[in-house]
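Here's the structure, in structure tokens; my notes come after.
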Amino acid sequence: MSLGAKPFGEKKFIEIKGRRMAYIDEGTGDPILFQHGNPTSSYLWRNIMPHCAGLGRLIACDLIGMGDSDKLDPSGPERYAYAEHRDYLDALWEALDLGDRVVLVVHDWGSALGFDWARRHRERVQGIAYMEAIAMPIEWADFPEQDRDLFQAFRSQAGEELVLQDNVFVEQVLPGLILRPLSEAEMAAYREPFLAAGEARRPTLSWPRQIPIAGTPADVVAIARDYAGWLSESPIPKLFINAEPGALTTGRMRDFCRTWPNQTEITVAGAHFIQEDSPDEIGAAIAAFVRRLRPA
């Protein structure tokens, strides 16, 4: 089943708010919408989407400034905040005419964006599968100890050099949170959107500055609190793909996720970018989840 380093599907492009955004859109029927986070792209789902072939319209979008989507110009520290990403993604999903039986498959910042969208469009959501997600606002004590100093540095002036010049999120954080070594071809695919030093890498710095930690940024904390409260009560069917050992959805956040109603849980091997360690297990679980939601 594995495609290895080969991308799944063919990239399509659409103009959103004056910028060109990239997405994959394969198959027909009700959509299964796969959304990546930082610093990845739709490429993250290449070995998972094939498991869902024939179960619906398979869509994976590249966030603005990431993957093959356009960069924002002018760029700077104020760009690529959560609210700006949400504006672009909302408009893209609206343009894709998703209908009212959407299954969301979300990870990392794709989870925050997806959970937020689902709360605001709950009547259109058939189910939510999530993994290594931003399920609620957190404190620094909840953050993985081995990564805490680095992520605190990202939120300081030091982050500018670490990310914009040294490309630390792609070169260090990404491979460091995958259990297996990535091939040169796989690393090349992840590097490609961020080869140029400077503002081209801004999305990968803005994202860690948006994590709702210790009350900041206030707008993202409020959004995460709202969707966390909703998910903890919503009857919408859920699939929690737990990671062992995991990185983000661990400890207090994992315990909170396990309280959500109408939820199935499986566990797969992986740290944070678990799609690179357990794609077949993840793909099979998502396919089984969709089949239960959409019996023939």
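Cβ coordinates come from backbone N, Cα and C, glycine included.
Here is what Swiss-Prot says about this protein:
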ACT_SITE  Asp108  active site, nucleophile
ACT_SITE  Glu132  active site, proton donor
ACT_SITE  His272  active site, proton acceptor
BINDING   Asn38, Trp109  chloride binding site
DOMAIN    31-155  domain 'AB hydrolase-1'
Just give the helix, strand and coil counts over the domain 'AB hydrolase-1' (31-155), going by DSSP. 50 helix, 27 strand, 48 coil
Whole-Å Cα distance, His272 (active site, proton acceptor) to the residue listed as 'active site, nucleophile', is 8
Does Asp108 (active site, nucleophile) have same-chain partners at least 6 apart in sequence with Cβ under 8 Å from its own Cβ, and which are they? His36, Gly37, Asn38, Thr40, Glu132, Ala133, Ile134, Leu248, His272
Sequence-distant neighbours of Trp109 (chloride binding site) in its chain (C-beta under 8 A, six or more apart): His36, Gly37, Asn38, Leu63, Tyr82, His85, Ile134, Trp207, Gln210
Across all the protein chains here, work out how many other Cβ atoms are within 10 Å of the Cβ of the residue listed as 'active site, proton donor'. 26
Please compute the mean pLDDT of the model over the domain 'AB hydrolase-1' (31-155). 98
Taking all protein chains shown into account, the Cβ-based neighbour count within 10 Å for Asn38 (chloride binding site) is 23
How many other Cβ atoms are found within 10 Å of the Cβ atom of His272 (active site, proton acceptor), counting all protein chains shown? 25
